[in-house]
Amino acid sequence: MSGDEVQFHENYDDYITYLKRRIRQLELQVRMLEADKERLERELSRLRSEMSRLRQPPAFAGTVIEVLDDDRAIVQNYNGPRFVVRIAPWIERDKLRPGARVALDQRTMAIIELLPSSKDPTVLGFEVIERPNVTYNDIGGLKKQLQELREAIELPLKHPELFEEVGIDPPKGVLLYGPPGCGKTLMAKALAHEVNATFIRVVGSELVRKYIGEGARLVHELFELAKEKAPTIIFIDEIDAIGAKRMDETTGGEREVNRTLMQLLAEMDGFDPRGNVKVIAATNRPDILDPALLRPGRFDRLIEVPLPDFEGRLEILKVHTRRMKLKNVDLRVIAEITEGASGADLKAIATEAGMFAIRERRTYVTQEDFLKAVDKVLGNERKLLQQITSHEIIYG
């Protein structure tokens, strides 16, 4: 074979190799282009669907008044007349009940969609997402009260079969009453931590509204939210803000508070005592509460949370000093000289004792620090009480 022929064959083989490599590259590009084409076709389909949806005419919002047997229902447009309309075949009938919010076709007024229930953002904000970090071990001197609270709230939620076997209904609600700073709110937080339930906390004054009917609507939506999130514990702090005794002569604002109270009474009458919604309320002024609120069937169990006795004060001091470095501190002496102090006072005393130690650049707390803290906390309270009393005597 001549040199020219050898050169020709080498060039031919190289060219064939090049063409094969080029074919593989083109095939890869074709596959990539086909994948891009499929992706763009899906995007085009999505955009066309979105465009079609946006071009649909708006629907009316209405409320179901009554569901009829022949695939029809009576609905009411907001602030408008009532209509007998058809129900679209894709609507789930078991979810279509009186009070449900629905979308109505603009031409035929047929029910075409079920809408979620509307709730005031204030009500949604009442739900506590994270469980409080307070446990039963963080509460001192309230063993009897904690036992009664757990029997009334925790036991029916965890073991409802016990009440069914005995044949009694558990309490619907519990009222905690007593002086300020004695642990009422702390008990509710500890219960919410221990029970695997939704915890809704609301202060009574948050349910008072300016315009007619707003407070009652908030109470209704509060209980609706509790039923949806069941099992649920509703804690109403400072309930005397809406639960005070009703008088014959009232102003416009007081009448609105009375409407809110009546809605609360109606809601508590309306739910099953064996259900998964429990109500706890707290107040410092049980003497001004309306008698209708305290009758059996509403707040069935009244639990007094008094000022702690000597043993209670000692337990509370142990709770608040368990992470403190103490040196030659006799807590029994501190408990003895703090008669009449609340749990909040004792916590303040422990904090002030620590502040006295920090002031002197010490990492431990002594008996002298506690004695100075007792004088500072309880002494200031007594001085303030004397000033208020003398002011009332002088000025009436």
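Positions of Cβ are set from backbone N, Cα and C atoms, glycine also.
Per Swiss-Prot, ATP binding site is recorded for Gly181, Cys182, Gly183, Lys184, Thr185, Leu186, His320, and the stated evidence type is sequence analysis. If you look up Swiss-Prot, you'll see 16-57 marked as coiled coil, on the strength of sequence analysis.
Known features from Swiss-Prot, placed on the structure.
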{"residue": "Gly181", "record": "ATP binding site", "Cβ within 10 Å": "19"}
{"residue": "Cys182", "record": "ATP binding site", "Cβ within 10 Å": "26"}
{"residue": "Gly183", "record": "ATP binding site", "Cβ within 10 Å": "26"}
{"residue": "Lys184", "record": "ATP binding site", "Cβ within 10 Å": "27"}
{"residue": "Thr185", "record": "ATP binding site", "Cβ within 10 Å": "19"}
{"residue": "Leu186", "record": "ATP binding site", "Cβ within 10 Å": "19"}
{"residue": "His320", "record": "ATP binding site", "Cβ within 10 Å": "21"}
### Message
Measuring Cα to Cα across Gly181, Cys182, Gly183, Lys184, Thr185, Leu186, His320, which the record gives as the ATP binders, how far apart are the two most distant ones in Å?
### Response
17
### Task
Would you mind pulling the DSSP three-state label for Cys182 (ATP binding site)?
coil
## Note on the structure
DSSP, reduced to three states, assigns His320 (ATP binding site) to helix
